[in-house]
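**Q** This structure is in C-alpha coordinates; I'll ask about it shortly.
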Amino acid sequence: MIEIQASTPPDFDTWFPMTSCPLGICQVLNRKKSDLGHIRLELEFYSNRNDLLFFTCKKRDTSAKQIIQKHGDIPGVENVRIYTYKELRSATEDFCLTNKIGEGGFGSVFKGKLKDGTVVAIKVLSSESRQGVREFLNELTVISSIVHENLVTLYGCCVEGDHRILVYNYLENNSLAQTLLGGGRSDIQFSWRTRCKICIGVARGLAFLHEEVRPHIVHRDIKASNILLDKDLTPKISDFGLAKLLPANMTHVSTRVAGTIGYLAPEYAVRGQLTRRADIYSFGVLLLEIVSGRCNTNTRLPYEDQFLLERTWTLYERGELVRIVDTSLNDDFDAEEACRFLRVGLVCTQDNPKLRPSMSTVVKMMTGEKKVDLEITKPGLISDFMDLKVRNHKKAGEENASLGLTPLEGSSLSSGSSTHATVSFTAITDRSGMSFNQQIKEKN
(Lines of atoms letter the chains of each structure in order from A and count residues from 1; the text may use other names and numbers.)
(Lines give C-alpha, C1' and ligand atoms only; values in the text may rest on other atoms or scores of the structure.)
Protein backbone atom coordinates (compact mmCIF):
# COMPACT_ATOMS: atom_id res chain seq x y z
CA MET A 1 0.00 0.00 0.00
CA ILE A 2 1.21 3.50 -0.81
CA GLU A 3 0.25 6.66 1.05
CA ILE A 4 0.75 10.28 0.01
CA GLN A 5 1.08 13.14 2.44
CA ALA A 6 0.05 16.51 1.03
CA SER A 7 1.21 19.40 3.19
CA THR A 8 0.34 23.04 2.59
CA PRO A 9 1.46 25.51 5.25
CA PRO A 10 0.30 26.50 7.71
CA ASP A 11 -2.59 24.21 8.60
CA PHE A 12 -3.29 21.80 5.74
CA ASP A 13 -2.03 18.29 6.45
CA THR A 14 -3.77 15.34 4.85
CA TRP A 15 -2.91 11.74 4.04
CA PHE A 16 -4.25 10.07 0.92
CA PRO A 17 -4.24 6.24 0.81
CA MET A 18 -3.19 4.60 -2.47
CA THR A 19 -3.79 1.09 -3.64
CA SER A 20 -1.59 1.10 -6.73
CA CYS A 21 1.78 2.21 -8.02
CA PRO A 22 3.01 5.86 -7.97
CA LEU A 23 1.13 6.50 -11.21
CA GLY A 24 -1.90 6.90 -8.99
CA ILE A 25 -0.40 10.04 -7.55
CA CYS A 26 -1.55 12.08 -10.52
CA GLN A 27 -5.07 10.74 -10.22
CA VAL A 28 -5.31 11.73 -6.57
CA LEU A 29 -3.84 15.17 -7.16
CA ASN A 30 -6.24 15.80 -10.02
CA ARG A 31 -9.18 14.84 -7.84
CA LYS A 32 -7.94 17.14 -5.08
CA LYS A 33 -7.00 20.01 -7.36
CA SER A 34 -9.61 22.37 -5.93
CA ASP A 35 -8.26 21.79 -2.43
CA LEU A 36 -4.55 21.88 -3.08
CA GLY A 37 -4.17 24.40 -5.86
CA HIS A 38 -0.91 24.27 -7.82
CA ILE A 39 1.25 21.36 -6.66
CA ARG A 40 4.96 20.72 -7.02
CA LEU A 41 5.62 17.05 -6.42
CA GLU A 42 8.51 16.11 -4.17
CA LEU A 43 8.98 12.38 -3.64
CA GLU A 44 10.74 11.06 -0.60
CA PHE A 45 11.07 7.33 -0.19
CA TYR A 46 10.90 5.71 3.20
CA SER A 47 10.86 2.05 4.09
CA ASN A 48 9.65 0.60 7.30
CA ARG A 49 9.58 -2.90 8.65
CA ASN A 50 6.56 -3.62 6.43
CA ASP A 51 8.35 -2.22 3.34
CA LEU A 52 5.72 0.49 2.87
CA LEU A 53 6.53 3.49 0.70
CA PHE A 54 5.53 7.04 1.61
CA PHE A 55 5.39 9.84 -0.93
CA THR A 56 5.48 13.38 0.47
CA CYS A 57 3.83 16.00 -1.68
CA LYS A 58 4.39 19.68 -0.88
CA LYS A 59 2.64 22.74 -2.21
CA ARG A 60 4.90 25.23 -4.00
CA ASP A 61 5.58 28.20 -1.72
CA THR A 62 4.22 31.22 -3.59
CA SER A 63 3.11 32.87 -0.38
CA ALA A 64 3.68 36.46 0.63
CA LYS A 65 6.35 35.20 3.02
CA GLN A 66 8.47 34.00 0.10
CA ILE A 67 7.83 37.20 -1.85
CA ILE A 68 8.78 39.35 1.13
CA GLN A 69 12.01 37.38 1.56
CA LYS A 70 12.78 38.06 -2.10
CA HIS A 71 12.31 41.80 -1.53
CA GLY A 72 14.10 41.87 1.81
CA ASP A 73 15.96 45.04 0.83
CA ILE A 74 12.79 47.07 1.47
CA PRO A 75 13.18 48.46 5.03
CA GLY A 76 10.64 47.07 7.48
CA VAL A 77 9.02 44.67 5.02
CA GLU A 78 9.70 41.71 7.31
CA ASN A 79 7.42 43.24 9.96
CA VAL A 80 4.30 43.12 7.80
CA ARG A 81 1.69 40.63 9.06
CA ILE A 82 0.79 38.07 6.40
CA TYR A 83 -2.66 36.56 5.90
CA THR A 84 -3.46 33.69 3.57
CA TYR A 85 -6.10 34.09 0.90
CA LYS A 86 -7.92 31.17 2.50
CA GLU A 87 -8.10 33.05 5.82
CA LEU A 88 -9.56 36.18 4.24
CA ARG A 89 -11.98 34.27 2.07
CA SER A 90 -13.28 32.56 5.19
CA ALA A 91 -13.44 35.87 7.09
CA THR A 92 -15.70 37.39 4.42
CA GLU A 93 -17.79 34.26 3.77
CA ASP A 94 -16.18 33.85 0.36
CA PHE A 95 -16.30 37.61 -0.27
CA CYS A 96 -20.08 37.59 -0.04
CA LEU A 97 -21.76 40.69 -1.47
CA THR A 98 -23.68 41.20 1.76
CA ASN A 99 -20.31 41.89 3.40
CA LYS A 100 -19.24 44.46 0.82
CA ILE A 101 -19.05 47.90 2.44
CA GLY A 102 -17.34 49.93 -0.26
CA GLU A 103 -16.22 50.01 -3.86
CA GLY A 104 -14.15 52.27 -6.08
CA GLY A 105 -11.52 52.39 -8.78
CA PHE A 106 -9.08 50.71 -6.39
CA GLY A 107 -11.31 47.65 -5.94
CA SER A 108 -13.74 46.55 -3.23
CA VAL A 109 -13.83 46.63 0.58
CA PHE A 110 -15.43 43.86 2.61
CA LYS A 111 -16.26 43.57 6.27
CA GLY A 112 -14.71 40.44 7.70
CA LYS A 113 -14.27 38.54 10.94
CA LEU A 114 -11.00 36.75 11.61
CA LYS A 115 -10.73 33.47 13.51
CA ASP A 116 -9.83 35.30 16.73
CA GLY A 117 -13.04 37.35 16.48
CA THR A 118 -11.39 40.56 15.28
CA VAL A 119 -13.64 42.51 12.90
CA VAL A 120 -11.65 43.97 10.02
CA ALA A 121 -12.01 45.86 6.75
CA ILE A 122 -10.57 43.81 3.90
CA LYS A 123 -9.60 45.85 0.87
CA VAL A 124 -9.26 43.77 -2.29
CA LEU A 125 -7.26 45.73 -4.84
CA SER A 126 -8.44 45.59 -8.43
CA SER A 127 -6.26 43.75 -10.93
CA GLU A 128 -6.43 46.97 -12.96
CA SER A 129 -4.53 48.89 -10.27
CA ARG A 130 -1.31 48.05 -12.18
CA GLN A 131 0.60 48.00 -8.94
CA GLY A 132 3.57 45.65 -8.95
CA VAL A 133 4.59 43.50 -6.02
CA ARG A 134 7.51 45.73 -5.09
CA GLU A 135 5.42 48.92 -5.14
CA PHE A 136 2.68 47.16 -3.19
CA LEU A 137 5.12 46.04 -0.49
CA ASN A 138 6.76 49.45 -0.37
CA GLU A 139 3.37 51.06 0.23
CA LEU A 140 2.67 48.50 2.93
CA THR A 141 5.86 49.27 4.81
CA VAL A 142 5.11 52.99 4.73
CA ILE A 143 1.65 52.55 6.22
CA SER A 144 2.55 49.80 8.68
CA SER A 145 5.43 51.78 10.15
CA ILE A 146 3.34 54.81 11.16
CA VAL A 147 0.82 55.00 13.97
CA HIS A 148 -1.43 57.95 14.76
CA GLU A 149 -4.88 58.41 16.24
CA ASN A 150 -6.12 60.00 13.03
CA LEU A 151 -4.76 57.44 10.57
CA VAL A 152 -6.23 54.05 9.75
CA THR A 153 -4.43 51.07 11.27
CA LEU A 154 -3.04 48.48 8.88
CA TYR A 155 -3.11 44.93 10.28
CA GLY A 156 -1.44 43.19 7.35
CA CYS A 157 -1.79 41.97 3.79
CA CYS A 158 -2.23 39.02 1.49
CA VAL A 159 -0.10 38.52 -1.62
CA GLU A 160 -0.91 35.27 -3.39
CA GLY A 161 -0.83 34.91 -7.14
CA ASP A 162 -2.69 37.92 -8.56
CA HIS A 163 -4.31 38.75 -5.22
CA ARG A 164 -3.32 42.05 -3.54
CA ILE A 165 -5.29 42.50 -0.34
CA LEU A 166 -4.95 44.92 2.58
CA VAL A 167 -6.42 44.27 6.02
CA TYR A 168 -7.34 47.32 8.12
CA ASN A 169 -9.13 47.98 11.38
CA TYR A 170 -12.87 48.16 10.82
CA LEU A 171 -14.43 51.60 11.26
CA GLU A 172 -18.10 51.51 12.14
CA ASN A 173 -19.37 54.81 10.72
CA ASN A 174 -18.15 54.72 7.12
CA SER A 175 -16.82 57.86 5.45
CA LEU A 176 -17.75 61.53 5.45
CA ALA A 177 -18.82 61.16 1.83
CA GLN A 178 -21.34 58.46 2.76
CA THR A 179 -22.67 60.14 5.89
CA LEU A 180 -22.34 63.91 6.15
CA LEU A 181 -22.21 64.58 2.40
CA GLY A 182 -24.03 61.50 1.13
CA GLY A 183 -27.46 61.57 -0.42
CA GLY A 184 -28.56 58.57 1.61
CA ARG A 185 -30.03 58.53 5.09
CA SER A 186 -27.63 58.68 8.03
CA ASP A 187 -28.44 58.34 11.72
CA ILE A 188 -25.31 60.25 12.71
CA GLN A 189 -25.92 63.67 14.21
CA PHE A 190 -23.19 65.96 12.93
CA SER A 191 -23.40 68.65 15.57
CA TRP A 192 -21.06 71.63 15.42
CA ARG A 193 -18.85 70.09 18.15
CA THR A 194 -18.62 66.84 16.17
CA ARG A 195 -17.62 68.73 13.02
CA CYS A 196 -14.93 70.63 14.93
CA LYS A 197 -13.56 67.35 16.25
CA ILE A 198 -13.44 65.87 12.75
CA CYS A 199 -11.80 68.92 11.16
CA ILE A 200 -9.10 69.22 13.82
CA GLY A 201 -8.49 65.45 13.81
CA VAL A 202 -7.89 65.35 10.05
CA ALA A 203 -5.60 68.38 10.33
CA ARG A 204 -3.55 66.67 13.05
CA GLY A 205 -3.27 63.49 11.00
CA LEU A 206 -2.00 65.44 8.00
CA ALA A 207 0.42 67.46 10.14
CA PHE A 208 1.84 64.16 11.38
CA LEU A 209 2.36 62.86 7.83
CA HIS A 210 3.83 66.14 6.59
CA GLU A 211 6.09 67.10 9.46
CA GLU A 212 6.77 64.25 11.88
CA VAL A 213 7.28 61.28 9.58
CA ARG A 214 10.65 60.91 7.81
CA PRO A 215 10.65 61.01 4.88
CA HIS A 216 7.57 63.22 4.72
CA ILE A 217 4.43 61.71 3.23
CA VAL A 218 2.17 63.54 0.77
CA HIS A 219 -1.19 61.78 0.70
CA ARG A 220 -2.29 63.18 -2.71
CA ASP A 221 -5.96 62.21 -2.32
CA ILE A 222 -7.41 63.97 0.71
CA LYS A 223 -11.18 63.98 0.21
CA ALA A 224 -14.41 63.19 2.04
CA SER A 225 -14.54 59.54 0.94
CA ASN A 226 -11.05 58.96 2.37
CA ILE A 227 -11.97 60.23 5.83
CA LEU A 228 -13.41 57.33 7.82
CA LEU A 229 -15.15 57.56 11.18
CA ASP A 230 -14.93 55.12 14.08
CA LYS A 231 -17.65 54.42 16.64
CA ASP A 232 -16.76 57.64 18.50
CA LEU A 233 -16.69 59.65 15.24
CA THR A 234 -12.93 60.07 15.48
CA PRO A 235 -11.69 60.73 11.93
CA LYS A 236 -9.13 58.45 10.28
CA ILE A 237 -7.29 59.33 7.08
CA SER A 238 -7.36 56.30 4.78
CA ASP A 239 -6.29 55.08 1.34
CA PHE A 240 -2.59 55.66 0.84
CA GLY A 241 -2.62 54.19 -2.66
CA LEU A 242 -1.50 57.48 -4.23
CA ALA A 243 0.80 58.60 -1.40
CA LYS A 244 4.29 59.82 -2.23
CA LEU A 245 7.38 60.05 -0.06
CA LEU A 246 9.03 63.46 0.01
CA PRO A 247 12.62 63.45 1.34
CA ALA A 248 13.43 66.35 3.67
CA ASN A 249 16.01 67.78 1.26
CA MET A 250 13.52 68.04 -1.62
CA THR A 251 11.07 70.89 -2.11
CA HIS A 252 8.91 68.95 -4.56
CA VAL A 253 8.71 65.87 -6.73
CA SER A 254 7.58 65.86 -10.34
CA THR A 255 5.02 63.16 -10.92
CA ARG A 256 2.06 62.09 -12.99
CA VAL A 257 -0.95 64.06 -11.79
CA ALA A 258 -3.44 61.90 -9.92
CA GLY A 259 -6.23 62.70 -7.52
CA THR A 260 -9.83 63.83 -7.47
CA ILE A 261 -11.15 66.81 -9.38
CA GLY A 262 -12.52 69.37 -6.96
CA TYR A 263 -9.74 68.70 -4.46
CA LEU A 264 -6.76 69.05 -6.82
CA ALA A 265 -4.44 71.97 -6.13
CA PRO A 266 -4.34 73.91 -9.42
CA GLU A 267 -0.55 74.28 -9.55
CA TYR A 268 -0.20 70.52 -9.15
CA ALA A 269 -2.83 69.83 -11.81
CA VAL A 270 -1.13 72.23 -14.24
CA ARG A 271 2.57 71.53 -13.68
CA GLY A 272 2.69 68.16 -11.96
CA GLN A 273 4.99 69.48 -9.23
CA LEU A 274 3.93 67.83 -6.00
CA THR A 275 4.53 69.41 -2.60
CA ARG A 276 2.84 69.17 0.78
CA ARG A 277 0.97 72.34 -0.21
CA ALA A 278 -1.16 70.24 -2.59
CA ASP A 279 -2.50 68.28 0.40
CA ILE A 280 -3.10 71.55 2.24
CA TYR A 281 -5.22 72.82 -0.65
CA SER A 282 -7.25 69.59 -0.61
CA PHE A 283 -7.73 69.91 3.14
CA GLY A 284 -8.99 73.47 2.68
CA VAL A 285 -11.67 72.24 0.29
CA LEU A 286 -12.60 69.42 2.69
CA LEU A 287 -12.85 71.90 5.56
CA LEU A 288 -15.34 74.00 3.60
CA GLU A 289 -17.37 70.87 2.84
CA ILE A 290 -17.58 69.85 6.51
CA VAL A 291 -18.65 73.31 7.68
CA SER A 292 -21.16 73.81 4.86
CA GLY A 293 -22.44 70.22 4.73
CA ARG A 294 -22.27 70.15 0.94
CA CYS A 295 -19.98 68.71 -1.74
CA ASN A 296 -17.43 70.95 -3.43
CA THR A 297 -19.24 70.64 -6.76
CA ASN A 298 -22.95 70.33 -7.51
CA THR A 299 -23.89 71.01 -11.12
CA ARG A 300 -27.61 70.76 -10.30
CA LEU A 301 -27.47 74.12 -8.54
CA PRO A 302 -27.59 77.52 -10.28
CA TYR A 303 -24.20 78.28 -11.84
CA GLU A 304 -23.17 80.83 -9.19
CA ASP A 305 -23.66 78.17 -6.49
CA GLN A 306 -22.23 75.12 -8.26
CA PHE A 307 -18.68 75.40 -6.90
CA LEU A 308 -18.37 75.61 -3.12
CA LEU A 309 -14.97 77.31 -3.08
CA GLU A 310 -16.12 80.06 -5.44
CA ARG A 311 -19.30 80.60 -3.44
CA THR A 312 -17.37 80.80 -0.17
CA TRP A 313 -14.94 83.34 -1.65
CA THR A 314 -17.80 85.49 -2.94
CA LEU A 315 -19.48 85.55 0.47
CA TYR A 316 -16.13 86.28 2.15
CA GLU A 317 -15.66 89.34 -0.07
CA ARG A 318 -19.17 90.49 0.85
CA GLY A 319 -18.58 89.96 4.56
CA GLU A 320 -21.35 87.35 4.65
CA LEU A 321 -19.27 84.23 5.32
CA VAL A 322 -21.68 82.85 7.91
CA ARG A 323 -24.26 82.24 5.16
CA ILE A 324 -22.29 79.23 3.88
CA VAL A 325 -22.62 77.34 7.19
CA ASP A 326 -24.82 74.23 7.01
CA THR A 327 -28.44 75.24 7.59
CA SER A 328 -29.19 71.82 9.12
CA LEU A 329 -27.37 73.03 12.25
CA ASN A 330 -30.36 75.32 12.84
CA ASP A 331 -28.16 78.12 14.16
CA ASP A 332 -26.89 75.78 16.90
CA PHE A 333 -23.23 76.63 16.36
CA ASP A 334 -20.59 79.15 17.33
CA ALA A 335 -20.75 81.67 14.47
CA GLU A 336 -17.35 83.19 15.25
CA GLU A 337 -15.68 79.78 15.34
CA ALA A 338 -17.44 78.65 12.16
CA CYS A 339 -16.28 81.75 10.29
CA ARG A 340 -12.74 81.16 11.58
CA PHE A 341 -12.81 77.63 10.17
CA LEU A 342 -14.07 78.97 6.84
CA ARG A 343 -11.28 81.56 6.74
CA VAL A 344 -8.77 78.79 7.42
CA GLY A 345 -10.25 76.89 4.48
CA LEU A 346 -9.72 79.94 2.26
CA VAL A 347 -6.16 80.43 3.56
CA CYS A 348 -5.38 76.82 2.65
CA THR A 349 -6.74 77.16 -0.89
CA GLN A 350 -4.98 80.37 -1.91
CA ASP A 351 -3.82 80.39 -5.51
CA ASN A 352 -0.17 80.89 -4.60
CA PRO A 353 0.93 77.70 -2.81
CA LYS A 354 3.67 79.57 -0.92
CA LEU A 355 0.98 81.54 0.92
CA ARG A 356 -0.68 78.42 2.30
CA PRO A 357 0.22 77.68 5.93
CA SER A 358 1.76 74.42 7.12
CA MET A 359 -0.61 71.86 8.61
CA SER A 360 0.77 72.39 12.12
CA THR A 361 -0.06 76.09 11.74
CA VAL A 362 -3.52 75.15 10.47
CA VAL A 363 -4.11 73.11 13.63
CA LYS A 364 -3.16 76.11 15.78
CA MET A 365 -5.48 78.37 13.78
CA MET A 366 -8.39 75.99 14.22
CA THR A 367 -7.85 75.48 17.95
CA GLY A 368 -7.53 79.23 18.49
CA GLU A 369 -3.83 79.11 19.49
CA LYS A 370 -3.02 81.31 16.50
CA LYS A 371 -5.14 84.04 14.98
CA VAL A 372 -6.21 83.89 11.36
CA ASP A 373 -5.04 87.43 10.77
CA LEU A 374 -3.36 86.80 7.44
CA GLU A 375 -4.45 88.68 4.36
CA ILE A 376 -6.36 86.12 2.33
CA THR A 377 -5.77 86.23 -1.41
CA LYS A 378 -7.99 84.78 -4.09
CA PRO A 379 -8.07 80.97 -4.17
CA GLY A 380 -7.20 78.81 -7.15
CA LEU A 381 -10.74 78.33 -8.38
CA ILE A 382 -12.04 75.05 -9.72
CA SER A 383 -14.24 76.86 -12.25
CA ASP A 384 -11.10 78.36 -13.82
CA PHE A 385 -9.46 74.94 -13.76
CA MET A 386 -12.45 73.25 -15.39
CA ASP A 387 -12.76 76.04 -17.96
CA LEU A 388 -9.09 75.68 -18.86
CA LYS A 389 -9.46 71.91 -19.14
CA VAL A 390 -12.51 72.20 -21.38
CA ARG A 391 -10.88 74.82 -23.63
CA ASN A 392 -7.73 72.74 -24.01
CA HIS A 393 -9.77 69.64 -24.84
CA LYS A 394 -11.80 71.68 -27.31
CA LYS A 395 -8.63 73.04 -28.89
CA ALA A 396 -7.17 69.52 -29.10
CA GLY A 397 -10.41 68.32 -30.66
CA GLU A 398 -10.29 71.08 -33.29
CA GLU A 399 -6.68 70.20 -34.09
CA ASN A 400 -7.62 66.54 -34.43
CA ALA A 401 -10.56 67.47 -36.66
CA SER A 402 -8.27 69.50 -38.93
CA LEU A 403 -6.10 66.40 -39.27
CA GLY A 404 -9.10 64.18 -39.90
CA LEU A 405 -8.78 62.41 -36.54
CA THR A 406 -11.68 61.26 -34.37
CA PRO A 407 -11.31 60.76 -30.63
CA LEU A 408 -11.47 57.12 -29.58
CA GLU A 409 -14.45 56.08 -27.53
CA GLY A 410 -13.59 56.35 -23.85
CA SER A 411 -10.70 58.75 -24.47
CA SER A 412 -10.36 62.01 -22.59
CA LEU A 413 -11.73 63.87 -25.58
CA SER A 414 -14.88 61.81 -25.85
CA SER A 415 -15.63 61.01 -22.23
CA GLY A 416 -17.85 63.02 -19.92
CA SER A 417 -16.83 64.61 -16.66
CA SER A 418 -15.76 62.41 -13.79
CA THR A 419 -15.66 62.91 -10.06
CA HIS A 420 -12.42 60.97 -9.88
CA ALA A 421 -9.79 61.18 -12.53
CA THR A 422 -6.15 60.92 -13.35
CA VAL A 423 -5.37 64.17 -15.09
CA SER A 424 -2.47 64.73 -17.43
CA PHE A 425 -1.84 68.04 -19.20
CA THR A 426 0.65 68.31 -22.04
CA ALA A 427 -0.58 71.55 -23.58
CA ILE A 428 0.01 73.65 -20.46
CA THR A 429 3.47 74.88 -19.52
CA ASP A 430 4.94 76.71 -16.56
CA ARG A 431 4.94 80.46 -17.17
CA SER A 432 7.96 81.48 -15.05
CA GLY A 433 6.26 81.01 -11.71
CA MET A 434 3.04 82.82 -12.59
CA SER A 435 0.03 81.87 -10.51
CA PHE A 436 -2.69 79.68 -11.93
CA ASN A 437 -5.12 82.59 -12.29
CA GLN A 438 -2.47 84.63 -14.14
CA GLN A 439 -2.03 81.78 -16.59
CA ILE A 440 -5.79 81.69 -17.10
CA LYS A 441 -5.90 85.43 -17.86
CA GLU A 442 -3.01 85.20 -20.31
CA LYS A 443 -4.71 82.37 -22.16
CA ASN A 444 -7.83 84.51 -22.50
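Every residue, even glycine, has its Cβ placed from backbone N, Cα and C.
Because TrEMBL annotations are produced automatically, they should be read as predictions rather than curated entries.
Below are the features I grabbed from TrEMBL:
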| type | residues | note |
| --- | --- | --- |
| BINDING | K123 | ATP binding site |
| DOMAIN | 95-372 | domain 'Protein kinase' |
**Q** Who sits close to K123 (ATP binding site): which same-chain residues at least 6 apart have their Cβ under 8 Å from its Cβ?
**A** F106, G107, S108, V109, I165, L166, V167, Y168
**Q** Take every residue in the domain 'Protein kinase' (95-372), average their pLDDT values, and give the whole-number result.
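**A** Mean per-residue confidence for the domain 'Protein kinase' (95-372): 90 out of 100.
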**Q** Does DSSP give K123 (ATP binding site) helix, strand or coil?
**A** strand
